[in-house]
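Per Swiss-Prot, the features are as follows:
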ACT_SITE  Cys52  active site, nucleophile
ACT_SITE  Cys55  active site, nucleophile
ACT_SITE  Cys393  active site, nucleophile
ACT_SITE  Cys396  active site, nucleophile
DOMAIN    342-470  domain 'Thioredoxin 2'
CARBOHYD  Asn334  N-linked glycosylation site
REGION    467-493  region 'Disordered'
MOTIF     490-493  motif 'Prevents secretion from ER'
SIGNAL    1-16  signal peptide
SITE      Gly53  site 'Contributes to redox potential value'
SITE      His54  site 'Contributes to redox potential value'
SITE      Arg116  site 'Lowers pKa of C-terminal Cys of first active site'
SITE      Gly394  site 'Contributes to redox potential value'
SITE      His395  site 'Contributes to redox potential value'
SITE      Arg456  site 'Lowers pKa of C-terminal Cys of second active site'
Amino acid sequence: MFRLVGLFFLVLGASAAVIEEEENVIVLTKDNFDEVINGNEFILVEFYAPWCGHCKSLAPEYAKAATQLKEEGSDIKLGKLDATVHGEVSSKFEVRGYPTLKLFRNGKPQEYNGGRDHDSIIAWLKKKTGPVAKPLADADAVKELQESADVVVIGYFKDTTSDDAKTFLEVAAGIDDVPFGISTEDAVKSEIELKGEGIVLFKKFDDGRVAFDEKLTQDGLKTWIQANRLALVSEFTQETASVIFGGEIKSHNLLFVSKESSEFAKLEQEFKNAAKQFKGKVLFVYINTDVEENARIMEFFGLKKDELPAIRLISLEEDMTKFKPDFEEITTENISKFTQNYLDGSVKPHLMSEDIPEDWDKNPVKILVGKNFEQVARDNTKNVLVEFYAPWCGHCKQLAPTWDKLGEKFADDESIVIAKMDSTLNEVEDVKIQSFPTIKFFPAGSNKVVDYTGDRTIEGFTKFLETNGKEGAGASEEEKAEEEADEEGHTEL
């Protein structure tokens, strides 16, 4: 009998998975995952890879968030799972990149889309697990909310069921990484220095306090918050990226500069002085060129180390259109004039191009750059198939031998040109590349541009060319433009 009881407890003990913590972050495995997820009402899970640079950058901030929540006595837990070891779990939740964060509420997952610093993580979690705006009873509650994050927004209303209060709460519900507070108490009104109903944004930098003084609408308040939540000049980091690129302001003035440079402080001040004039219209961001991860951004703008420091402006509204200033000296006056000219629409987009190689047409696959693209691809007497690639792209490297063979196959056909262009160093005004490799067909006697969406094989490309761009074709640029216009003009009856 005793042996049976002992065996029962042994089996019971074996069935309970071991749950460990590292810096207050629960270490998840395939064995304990379901138990932990189902045993907590709220748990944020990071799916990571040990070799992932972004995961390494996130780790200390993630641990800080877990520790702070634990010290506050919160029921919200943070966990992490090594997706390279427990692949079946990450596959189940369709993890396609690292780090991927998901909040599990009573076992049901939702995507995390907040910032990567501990304040943003905590603010997002509290917003998702509690009221969209915290009720504030007195001045102490205001101070506590202000201390909880670098940026907070507080609204005072006589009646929290009023139209203005509802608008405030609707905006609060849509901004996950900023804590909001709301109150009807006179003590709160006095603490946030209001004479009547109103909204105030507090931040631990720049001017500290900004009062909303516009007509209250959802769009207006949201834009105002996004414009004022950032510093006059922000540094681009993995932590600030989601706020910078996810905000309402789509025009960004970028200063590429080394923080180790002796002229950094002066340049930052010149940049900051210019930023004051364009608050709410253009974001001013500096990119530290000493950071290895920022090399890809420099490459995107075609910048080399010997060109630094440098200013570039980008519009995210029009397929990430870039603008290059015509000045060399970085001063407040020059930056301001350039930015105003951009807003006035008098600055032409900057299109990158390498010089035309001497041997560009020596091999079966022709080499295109910005400077010879129109001449070759738009030749009305030729059917031209172009691969737009990036040197670092794995899929492009896999395609390379096939593309070379395709060039050889059609080398003697004077009506067909097989070409390629490095899109990290060359741009064409009306050809927008969103991913690599992208393959486009420029048919003879036509202004159409057709995307190739078929198999990336000799057979697939051959059939496409022999059917004059029909077999394996996606929508043409013209058809895509028409579809977009139809979508914009469509209204529900």
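Note: Cβ is positioned from N, Cα and C throughout, glycine not excepted.
Features recorded in Swiss-Prot, as mapped to the structure shown.
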residue	record	Cβ contacts under 8 Å, 6 or more apart
Cys52	active site, nucleophile	Tyr98, Pro99
Gly53	site 'Contributes to redox potential value'	Glu293
His54	site 'Contributes to redox potential value'	Tyr98, Pro99, Arg116, Gln238
Cys55	active site, nucleophile	Glu46, Tyr48, Ala49, Tyr98, Pro99
Asn334	N-linked glycosylation site	Pro325, Phe327
Cys393	active site, nucleophile	Phe436, Pro437
Gly394	site 'Contributes to redox potential value'	none
Cys396	active site, nucleophile	Glu387, Tyr389, Ala390, Phe436, Pro437
Arg456	site 'Lowers pKa of C-terminal Cys of second active site'	Leu399, Thr402, Ile439
Structural state census, the domain 'Thioredoxin 2' (342-470) (DSSP three-state): 33 helix, 28 strand, 68 coil
Neighbourhood of His395 (site 'Contributes to redox potential value') by C-beta distance under 8 A, where only residues 6 or more apart in the same chain count: Phe436, Pro437
Protein Cβ atoms within 10 Å of Arg116 (site 'Lowers pKa of C-terminal Cys of first active site'), excluding its own: 21
Arg116 (site 'Lowers pKa of C-terminal Cys of first active site'): secondary structure state under DSSP, collapsed to three categories: coil
